[in-house]
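Undergrad: Residues or ranges marked as domain '4Fe-4S ferredoxin-type' in TrEMBL: B:303-334, B:367-397. Look at TrEMBL and you will find B:6-24, B:65-88, B:108-128, B:154-172, B:214-232 tagged as transmembrane segment.
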Amino acid sequence: MSETIKVPTMAEYMAEGKKPEVLFWVGCAGSFDDRAKKITKAFVKLLHSANVDFAVLGTEESCTGDPAKRAGNEFLFQMQAVTNIEVMNAYEIKKVVTACPHCFNTLKNEYPVLGGDYDVMHHTQFLKSLLDEGRLTVEGGKFKGKRITFHDPCYLGRANNVYEAPRDLLKKLEVELIEMKRCKRNGLCCGAGGAQMFKEPEPGNKDVNIERTEDALETKPDIIAAGCPFCNTMMTDGVKNKEKEDSIDVMDVAELIANAQDL
Amino acid sequence: MQYIPNILFVIALVAGIGYFIKNIRKVIRNIRLGKDVDRSDDKAARFKNMAMIALGQSKMVRRPIAGILHIVVYIGFIIINIEVLEIIIDGIFGTHRIFSFLGPLYDFLIGSFEILAFLVFVGVILFWTRRNVIKLKRFWNPEMKGWPKNDGNLILYFEMVLMTLFLVMNAADLQLQELGSGHYISAGSYPISQFISPLFEGMSEGSLILLERGAWWLHILGILVFLNYLYFSKHLHILLAFPNTYYGDLKPKGQLDNLEAVTKEVMLMMDPNADPFAAPAEDQAEEGEPEKFGASDVMDLNWAQLLNAYTCTECGRCTSECPANQTGKKLSPRKIMMDTRDRLKEVGDNIDKNGSFVDDGKQLLNDYISTEELWACTSCNACVEACPVSISPLSIIMDMRRYLVMEESAAPTDLNNMMSNIENNGAPWPFNQMDRVNWSKE
Ligand code: SF4
Ligand code: SF4
């Protein structure tokens, strides 16, 4: 895949004296992780197809500081936060959308006290609002009738009580949405949060992502839908561990919508 | 001579309540050892939480069997305690069934108390069975060995005995009423104890009075002992659930507090006009010792976290939902709460003994909670969501990680690498910040 998609930066907007409708906060995973980059692109395609006037910070974006904060390094977190806030405030950002629930939580809840007060949305919420405004059409397309189960990201679900936006979008795809026995506020973590993504698990008898993948496999899904790049990695690894990668895809809600329409 | 029972009663009552108050004041003092945290906002939401979660048991019923049994025992226990009011008045003034003048209402009340007492009895038997026969996993985790296990059962035995005494007292009373004995006026209705009463048929009036008085005394003394037992037990939650749900965290669960002390330093570093040498000195002059980051002992936690520890019911719902615990890691959020409480009590005893806290060479970190437990947490909030009384084990875990990282630089190597990546490249992986938009061209 080597198609260049148009992604305007805030600096470019500034140079033209314009302001976008929304800032797309790509996040570190979305910028660097090979799997997550595909989610980023799918989301950008949807933004284009809905004619959303957006921009990214590009090289001016830096880690929100979430993993540092959850690892206990409040100092590094606040350094990151203050730097990012300075950049965003200089661009007079009002509205932010991100495809990462960790960035979402941090930007929305932990930046305001440090002077960064924005209207922050998770990409599933944003897509849902585009749908409601009639700017985006979501149709079944090739996923119609497929069995899909949605894994709730902790930082979207329990942490911020967003359970319905991703499900509403999936329902629009005319798929058969099957819930795992532990879902919504009872959903089990994928194992990546709290900076676990960046370390070896502590000694135990199983990896959390395997436990969660088993929950998902119980629903006999064609596709496991995720709303977080880290959950995506964890569930993909879990599916591989169970040698099911040929029959079960792990896909982000944005990818499902974009692929359904062959964008 | 005639007033001896009254006097003994008053002595028992004053001693029982007095000792209880003394211990509750200790609990309050210990909770105040915590740092300050503002929980005075949005009183309406707080009252609502208290009404729903503590009074209304809204989170208990998320597990229907345990929830409904708990509601039965809880309502039964509260309502039956109205009877205690009569017992106290009778005990002080030497009257018998002082409220019997209420007539039909009295019959109704006593009748309902009996039915509730019976339901409580059944509920408690079922609870006991779940713990000891069915052996529900969450009651058999490692932290539930020894005292916590015995404590759980003792409470159940207490309630069984108290309910039995109450019913036996009524049954004997009923026999005496039928005999037309002395001041055993005919009052009350006895839907349950009427089935116990035939057991005592044929007993002499004297033995019946002995039985009735015996049960009456043991019942009220049992209640006083139980009241004082609370302080030593997880059963303290029947009182503390109320303040704890009131003072619970109202922020979204994902929101971790931002340490203000750190903010000050960060702002100073970011401010190009600040004089890097003058400012800290000034700060120190004002505040004495520089503030310690994070928590290594209970005094470093805030009072709401310490109140959490005293409120924990050791129900283990948190642990049974914890992804780390389910996959065999050492972490158990319930143990975090139990350790905090045990350590806080130890610190409290130390203060009682020495007048003020004297270093005992111990702390919450390592002596109670190991770093392995702390590093197993995924910050998923499942424990917080599961807790029926609004406790956050996660907030203690995070404060202790802060201490490990900011005071001791004791993060696991992988995390140190992640953090130096963020510091140097603005991402947790070793990629160049200048490559952040390369994805659009790939
Ligand atoms: S937040 Fe941590 S302690 Fe609580 S359930 Fe999740 S992993 Fe366990
Ligand atoms: S913290 Fe809450 S859920 Fe966990 S054992 Fe204590 S009361 Fe139960």
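Cβ atoms here come from the backbone N, Cα and C positions, even for glycine.
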Undergrad: With a Cβ cut-off under 8 Å, give me the same-chain residues at least six positions beyond the ends of the transmembrane segment (B:154-172) that come close to it.
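TA: Apart from its flanks, the transmembrane segment (B:154-172) reaches 73, 77, 80, 83, 110, 113-114, 117-118, 120-121, 124-125, 127-128, 131, 188, 190, 192-194, 196-197, 199-200, 208-209, 211-212, 215-216, 218-219, 222-223, 226, 229, 233-235.
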Undergrad: Using a Cβ cut-off of under 8 Å, list the residues of the same chain at least 6 residues beyond the transmembrane segment (B:6-24) that approach it.
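TA: Counting only partners 6 or more residues beyond its ends, the transmembrane segment (B:6-24) has Cβ contacts under 8 Å with 88, 91-94, 220-221, 224-225, 227-228, 230-231.
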Undergrad: Run through the domain '4Fe-4S ferredoxin-type' (B:303-334) and tell me, per DSSP, how many residues are helix, strand and coil.
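TA: Its residues fall into 20 helix, 0 strand, 12 coil.
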Undergrad: Summarise the domain '4Fe-4S ferredoxin-type' (B:367-397) as counts of helix, strand and coil residues per DSSP.
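TA: Secondary-structure breakdown of the domain '4Fe-4S ferredoxin-type' (B:367-397): 14 helix, 1 strand, 16 coil.
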